[in-house]
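Here's the structure, in structure tokens; my notes come after.
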Amino acid sequence: RATANNDHTVVSLACAGGHLAVVELLLAHGADPTHRLKDGSTMLIEAAKGGHTNVVSYLLDYPNNVLSVPAADLSQLTPPSQDQSQVPRVPVHTLAMVVPPQEPDRTPQENSPPLLGVVKAVNSRVPSGSTSSSHATESPTPEPCSQAPSNVPSQSVLPMYPSVDIDAHTESNHDTALTLACAGGHEELVSVLIARGANIEHRDKKGFTPLILAATAGHVGVVEILLDKGGDIEAQSERTKDTPLSLACSGGRQEVVDLLLARGANKEHRNVSDYTPLSLAASGGYVNIIKILLNAGAEINSRTGSKLGISPLMLAAMNGHVP
């Protein structure tokens, strides 16, 4: 059921909070992993905002991370039918999650709820050595179960949704899971998304690429990952024509500036205001970055093309960066 706030559902809130066990359980009970919020955000995007790599990986594996179990046949321990292509599937370990803990004051029979027989029956179907779930354990000896308990949803009515779209974006700013992961500095998540095929040149509404976002925020580890994967080092923002180096210089991101220059970034690029990286660093008063750029051979007397012909020195003085 959706909430009034941005059309959030229980599963979207679980994804945003990084609660993998809850996400697994909700999907096992038919929650829609492809649901979109009012702003176009998806479950994947909500998980990526918080850097929840485990939840993102689980969503990307859907529906391949579930085990085929014949509907309405849990009480029988007969082998599954030959054709399982159209059978709804439920993750084995999520069924196990709803089994109550053992209570020492109860007898073994009292400690064995009806669902336990179902879990054991389902586990008995997992082939030896199966890796369908990281939570799967060695299959116990199956125990008979006369009927499926009422707290387990009928599998015959559980829908199977399409695979999660890794490049889905929000309506407001066209953010994807990758752009948000890069802006947040979540290195492990960035690596996972790229390995799964996320578009590393996607542009948000400002024309910012993942590399531009990471450089602007000063996440040098993410910048390095993107460069290693072929990210465009000279990508320009839509309106201001800033590059990753331009924005790193204007924001005082020294480590990122070092890395970008070492990877061959254009130190004389001019944005829409005709400012070079040196001009931007001087305007912000970032002395160490100015030194780095000058040592790399940046033109110290570069001027804008306007009638004023503003130089880096003039920009520093205009912004009060004087001894």
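Each Cβ is built from the backbone N, Cα and C atoms, and glycine gets one as well.
In the predicted model, residues of the repeat 'ANK' (6-38) average a pLDDT of 91. Under the heading repeat 'ANK', TrEMBL lists 6-38 (among others).
According to TrEMBL, the feature region 'Disordered' maps to 125-159.
The compositional bias 'Low complexity' annotation in TrEMBL covers 127-140.
The compositional bias 'Polar residues' annotation in TrEMBL covers 147-157.
Across the range of the repeat 'ANK' (173-205), the DSSP-based residue counts are 17 helix, 0 strand, 16 coil. Under the heading repeat 'ANK', TrEMBL lists 173-205 (among others).
Residues of the same chain lying 6 or more positions beyond the ends of the repeat 'ANK' (206-238) and with a Cβ under 8 Å from any Cβ of it are 173, 178-179, 181-187, 190-191, 194, 200, 244-245, 247-248, 251, 253, 255-256, 259-260, 263-266, 269, 271. Annotation source TrEMBL lists repeat 'ANK' at 206-238 (among others).
Positions annotated as repeat 'ANK' by TrEMBL: 240-272 (among others). Only residues 6 or more beyond the boundaries of the repeat 'ANK' (240-272), in the same chain, are considered here, and those with a CB under 8 A from a CB of the stretch are 211-212, 214-220, 223-224, 227, 233-234, 278, 280-281, 283-284, 286, 288-289, 292-293, 296-299, 302.
Residues 240, 245-246, 248-252, 254, 257-258, 261, 267, 311-313, 315-316, 318-321 of the same chain sit 6 or more residues outside the repeat 'ANK' (273-305) yet have a Cβ under 8 Å from a Cβ within it. Residues annotated as repeat 'ANK' in TrEMBL: 273-305 (among others).
Mapped onto DSSP helix, strand and coil, the repeat 'ANK' (273-305) counts 17 helix, 0 strand, 16 coil.
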